[in-house]
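Down below is the structure, laid out as structure tokens.
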Amino acid sequence: TERDQMEEGSVFRSLLAILQWWGFNVTVIIMNKWIFQKLDFKFPLSVSCVHFICSSIGAYVVIKVLKLKPLIVVEPEDRWRRIFPMSFVFCINIVLGNVSLRYIPVSFMQTIKSFTPATTVVLQWLVWRKYFDWRIWASLVPIVGGILLTSVTELSFNMFGFCAALFGCLATSTKTILAESLLHGYKFDSINTVYYMAPFATMILGIPALLLEGNGILSWFDAHPSPWSALIIIFSSGVLAFCLNFSIFYVIHSTTAVTFNVAGNLKVAVAVMVSWLIFRNPISYMNAVGCGITLVGCTFYGYVRHKLSQQQQPGTPRTPRTPRNKMELLPLVNNDKLEGKV
């Protein structure tokens, strides 16, 4: 029947959306690792800056030139009062992700990133005194346990990279909580988020990148056998980072929150597998088990959140909300995995 055909069409669309999201996400992560490891371009601030510049241009083209998305008008004072603090945290988040990629394998970094639901719940409980159902706390146990097991058995453990990834989780959580309080009243989608935040992030990061990494980049230019082809790869990763953002927007529209959550966790498994095939970083058996436990925990957490948001009784305090409107999910520029779960 026509209805069955429509349902098949929407399932196919969802599947296509998820696959291209995975494709962009895994490619961006692998490219960043390749830039640090194989091209010997060990400048995470500059790589982040390139991503922000490409994303600023991309969002401008999509909204102003191609007019594929309507511009959400934000008052000038709100840009500084609301969007600038968000951009600052957003900036820290991306930089910490790139710093951790420089020092630790993709598999380990992705597993630690899965800690974000736990840091978000703890932050909201400590700072905002938010009430949580016991099932939320129970769902965090396998996440924390899996990460502890993965960290203890990680053969390429690096304390600096580990701390960068962990603080990255805190930055992601802070950004999510800030988004809820600062952007109320604005129905932002991911492209408008990038349109306003990426230029601020470029501005915040430009001077530190120049001061801290400028001389190193000049030396790298002199020493590298083919710097121009390497620069093409670096800028390509920036373009793909923007495409990733666009693909997340498409996924959010084509799937349910639960599908988004499960797909996000499966994507980590895909990223771990692909990175292992390319970089051959050693992964022990217990390390893989720890990673698996963490992903199962994340999926369980997403399921519990979804169930609780459906059975919310009037008059009871809401647990930190699962966005009612999928447009409220604010993906990141180059690692957006957990935004939809929080």
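In case you wondered, yes, glycine gets a Cβ from its N, Cα and C as well.
Bear in mind that TrEMBL entries carry predicted annotations, made automatically and left uncurated.
The transmembrane segment annotation in TrEMBL covers 12-31 (among others).
Note on the domain 'Sugar phosphate transporter' (15-301): mean pLDDT across this stretch is 87. What TrEMBL lists as domain 'Sugar phosphate transporter' is 15-301.
The transmembrane segment annotation in TrEMBL covers 43-63 (among others).
Feature annotation from TrEMBL assigns transmembrane segment to 83-104 (among others). Beyond its flanks by at least six residues, the transmembrane segment (83-104) meets 29, 32-33, 36, 42, 44-45, 47-48, 51-52, 74, 112-113, 154, 156-158, 160-162, 164-165, 167-168, 171-172, 174-175, 178-179, 182-183, 196-197, 200-201, 204-205, 332-335 of its own chain at Cβ-Cβ distances under 8 Å.
Outside the transmembrane segment (134-153), and at least 6 residues removed from its termini, the chain residues within Cβ reach (under 8 Å) are 108, 111-112, 114-115, 117-118, 121, 162, 284, 286-287, 289-298, 300-301, 303-305, 307-308, 319. Per TrEMBL, the feature transmembrane segment maps to 134-153 (among others).
Residues annotated as transmembrane segment in TrEMBL: 194-211 (among others). Sequence-distant contacts of the transmembrane segment (194-211) (same chain, six or more residues past either end, CB-CB distance under 8 Å): 43, 45-46, 48-49, 52-53, 55-56, 58-60, 63, 71, 74, 79, 83-84, 86-88, 90-91, 94-95, 242, 245, 333.
TrEMBL lists 231-251 (among others) with the feature transmembrane segment.
TrEMBL lists 258-279 (among others) with the feature transmembrane segment.
Taken from TrEMBL, the feature transmembrane segment applies to 285-304 (among others). Through the fold, the transmembrane segment (285-304) approaches residues 107, 111, 114-115, 117, 133, 135-136, 138-155, 257-258, 261-262, 264-266, 268-269, 272, 338, 341 of its own chain, all at least 6 residues removed from its boundaries and within a Cβ separation under 8 Å.
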Contact set, same chain, for the transmembrane segment (258-279): CB under 8 Å, 6 or more residues outside the stretch: 14, 18, 21-22, 25-26, 29-30, 33-34, 37, 105-107, 110-111, 113-114, 251-252, 291, 295, 298-299, 302-303, 306, 329, 337-338, 340-341
Intrachain residues whose Cβ lies under 8 Å of the transmembrane segment (43-63), provided they are six or more past its termini: 32, 35-36, 69-71, 91, 94-95, 98-99, 101-102, 191-192, 194-195, 198-199, 201-202, 205-206, 208-209, 212-213, 216-217, 220, 234-235, 237-239, 241-243, 245-246, 333-334
